[in-house]
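Heads up: the structure comes next, in structure tokens.
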Amino acid sequence: MSHSQRTYDLLIKLLLIGDSGVGKSCLLLRFCEDQFTPSFITTIGIDFKIRTIDIGNQRVKLQVWDTAGQERFRTITTAYYRGAMGILLVYDVTDEKSFNNIENWYQNVQSYANEGVELILVGNKCDLDEKRVVSTEQGQALADKFGIPFLEASSKTNINVEECFYSVATRIRDTVAKTKGNESGSGGINIAEGEENSASKCC
């Protein structure tokens, strides 16, 4: 493939999951377009955005999928677990129910996602300290229970948003590098090829 056709070394599909209203779409918008919209419309079904980043000496193209958190869309979104190399489990630090439901989202990951998928727990809206009901310690304890990394973030004030995505992408890149090192002569990794133009977009 010529350089003009492919301007990245690795294509990674990431998934944002969590209850409706926890700010998944805002995290996506902040990371991919460096924007924040407080009146963001609820995602209907599936949306995704693209951002290409540099990790070490590699160009990594991130295809970040935003899934609807409502129960009525659950059957639609389960198909999108397949092929995801990394998943961000997102809750709202001002909404205890969204935190408690992370257990259910984690079980979905265990049921539907590929084996070896990289995970991170994200406590969103950490700028709203006066409304906080879930402590940092609670978030860390849950992440420790799952054996996954944990960060608190804010799309509004742009706290740790980059770190959330880079953390997952870097671990995936490292895993792919090890795999390719063990499989000399293997082809490049290209996840979700052909899906870039197939998403159902929403406002």
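In case you wondered, yes, glycine gets a Cβ from its N, Cα and C as well.
Some features that Swiss-Prot has for this protein:
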- 18-25, 66-70, 124-127: GTP binding site (BINDING)
- 40-48: motif 'Effector region' (MOTIF)
- 181-203: region 'Disordered' (REGION)
- C202: S-geranylgeranyl cysteine (LIPID)
- C203: S-geranylgeranyl cysteine (LIPID)
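If you average pLDDT over the motif 'Effector region' (40-48) in this model, you get 61. Sequence-distant contacts (6 or more apart, same chain, Cβ under 8 Å) of C126 (GTP binding site) comprise V93, R132, E152, A153, S154, I159, N160. Ranking the binding-site residues G18, G21 by how many Cβ atoms sit within 10 Å of each one's Cβ puts G18 at the top.
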